[in-house]
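Single-structure report; data block below.
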């Protein structure tokens with residue numbers, strides 16, 4: 001269960017102090033609580049027998065009956081959570097993930113700096129490949145060695161760049177930018193609040209803000225992409241185009257500007 005400010009779009013859980021779900025309401029019209037059904041399900045095999053041999057909604061049919069019988073429980077999640085079904089929500093979720101990477105890095109750095117009079121880290125009897133999970137005390141999590149925020153004069157705020165990516169001279173990335181494998185970014189580009197998928201090629205002096213660029217796509221020179229634009233796989237934006245809030249389906253070549261927000265290019 002996760003607490004949200006607007007529960008009307010989700011399944012809402014009303015539970016007691018022990019975590020027993022008293023009622024389960026899918027997208028309620030009136031306010032019944034702020035804790036929603038979000039995360040993973042852990043079901044006993046006996047739950048399978050409750051599912052009829054026809055189309056069935058767990059949230060609307062099975063879970064409400066289990067709650068009424070006192071057989072449904074929830075666990076409150078700590079940390080961040082986001083519904084990422086829409087482009088703006090995906091970018092928000094990405095920013096939360098990047099911020100979490102930053103916080104975890106700072107926490108590790110504090111742990112690796114021994115306080116005065118304490119034992120050095122190498123003297124501690126502990127497997128360095130494992131670390132305690134701060135969100136779930138008692139559990140052990142593998143640290144993500146490959147996911148490390150980058151630092152330097154070209155980066156502003158939280159930026160995640162795959163080591164295989166190439167970034168041209170004078171380009172500035174951030175805040176909230178992710179760059180996948182085999183991405184090439186030309187000279188003098190400005191990128192912020194955006195995600196570049198694998199194999200994307202951004203040519204010189206282009207601007208990308210609040211947008212998602214799909215796999216193996218290319219952006220020409222002096223192109224401006226903004227306004228929650230979503231570029232599908234293998235799309236090519238030619239030089240000097242302005243793309244504002246468009247949804248461009250895969251395998252398209254765009255030769256002229258799209259200024260009308262919400263346009264769908266099929």
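Quick reminder: no glycine exception, Cβ is built from N, Cα and C everywhere.
Here TrEMBL flags 2-95 as domain 'Nucleotidyl transferase'.
Annotation comment: TrEMBL describes 156-263 as domain 'Mannose-1-phosphate guanyltransferase C-terminal'. For the domain 'Mannose-1-phosphate guanyltransferase C-terminal' (156-263), the mean pLDDT of the prediction comes to 98.
Residues annotated as region 'Disordered' in TrEMBL: 108-128.
The domain 'Nucleotidyl transferase' (2-95): residue composition by secondary structure is 29 helix, 17 strand, 48 coil, according to DSSP. Remark: secondary structure over the domain 'Mannose-1-phosphate guanyltransferase C-terminal' (156-263) totals 0 helix, 45 strand, 63 coil, with classes taken from DSSP.
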